[in-house]
Amino acid sequence: MNEGQEMEEQFALLLETLKNQQMNEFRELFLALHIYEQGQFYQSLDEKDRQHLYNYLSPKELADMFDVIEEDNENMKDYLAEMRPSYAADMLAEMYTDNAVDLLNMLDKSQKAKYLSLLSSEEAGEIKELLHYEDETAGAIMTTEFVSIVANQTVRSAMYVLKNQADMAETIYYVYVVDQENHLVGVISLRDLIVNDDDTLIADILNERVISVHVGDDQEDVAQTIRDYDFLAVPVTDYDDHLLGIVTVDDIIDVIDDEAASDYSGLAGVDVEEVSENPLKAASKRLPWLITLLFLGMSTASLISNYESLVSEASILAVFISLITGTAGNAGTQSLAVAVRRLAMKDEKDSNFGRLILSEVLTGLVTGAVTGLTIMIVVGVWQHNLPLGFVIGMAMLCAITVANLAGSLIPMLMDKLGFDPAVASGPFITTLSDLTSVLIYFNIASMFMRYFV
């Protein structure tokens, strides 16, 4: 029996105990599951069965499971709405603060206020503090549940603090050292606390070179910092270096997934959230790009009409228009994907503007030369007209090179201007390459027409 089949059998047994209202048996089986598996089972239930589950689990037990359910799950609002308000509020209080904030941010203001009013002033205050931070910043994804100590403590004292606060902390692998005014002054790992003598002062073993992020930093920059330094967590500070919270690696994984999805959908000029929207709302988001590109496409049609006399003299030229524009568009899209990826990674060795442009132009020349030579031979043999093959091949070489240049240049210019390079340049490349390819093709054809007509 494979793992999937075993899980299906477990879920079937769980569902049976739930429907038969066997609370003790259900709790024993359910709480023995990994919290990820608990979340999968929970999301497979209908509302009636979930109501039974709420009666069998404490808010704390449900909170542990909600902490691992994908925060972009479109059903999260519905899950919260079907609970008793007091039960939902108790669950929010038991969740890690950053996860509770993510969940509340899915609600409208009145719903958010309702749940906050049911929390204690201390719990509501912690959540409100994070709600104030701008979306997609370090402040918005950080948690305030961490362990901090002061430099004049001993290892014994620090371990006592750690043991008492470990249950509420999201991670204990890093312990942050602050002064009396809560300025971040150092960091110490759990390993250092374990291997040093109990009477050793924290000041003697702490690492004063702390890598931190600012509360207003973009979440992509925070993800880059954690990736570069292989951290499990990174501290978040304000302008005066006061320690405000930490961002953990599990939150960064979510950020990376979200940004990848955003970049992928952006290449097509659509919104990553469209999957959960109705057709009219999705259409309203796509139409601005489509209308803009429609007018740009009309420029291509107008350009072709200007060469009507050329096409009438050599009608064979019309056969290869879509071949050249399509191949150039594909090349431009490839170049765009590479450029967007390099911009997203912010790799220093690839960040040189001129080097990136030169690399893509050379790549375009090589791929264009090979593609152009191939099509020249094919057309020459097929049409028994080598000069025509030369024209098609030369146009292919130039069109691919220009498309590669545009595919790398446009996203970098968009990035310099402060626009999202994926969303702003994705749909633009194919249409632009059509325009430039037609211009290149007909100009080369007009120069050599007397040789192949």
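Cβ atoms are placed via backbone N, Cα and C, with glycine included.
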Listed range which Swiss-Prot flags as transmembrane segment, given the options 78-98, 309-329: 309-329
Matching range for Swiss-Prot feature annotation, transmembrane segment, among 155-175, 428-448: 428-448
Same membrane side per Swiss-Prot: Leu343 vs Arg450: no
Alpha-carbon spacing, Arg227 (Mg(2+) 6 binding site) to Asp98 (Mg(2+) 2 binding site), which is rounded to whole Å: 20
Contact check, the transmembrane segment (428-448) vs the transmembrane segment (361-381), 3+ Cβ pairs under 8 Å, seq sep 6+: no
Remote residues contacting the transmembrane segment (287-307) - C-beta distance under 8 A, at least 6 residues beyond either end: 269, 321, 427-428, 431-432, 434-435, 438-439, 442, 446
Residue pair Tyr176 (Mg(2+) 5 binding site), Glu136 (Mg(2+) 4 binding site) - Cα distance, angstrom, rounded: 24
Same-chain residues at least 6 beyond the ends of the topological domain 'Extracellular' (382-389) whose Cβ lies under 8 Å from its Cβ atoms: 316, 375-376, 448, 451-452
C-beta crowding around Asp251 (Mg(2+) 2 binding site), within 10 angstroms: 26
Tertiary contacts of the topological domain 'Extracellular' (449-453) (same chain, 6+ residues out, Cβ under 8 Å): 310, 313-314, 385, 387-388, 391
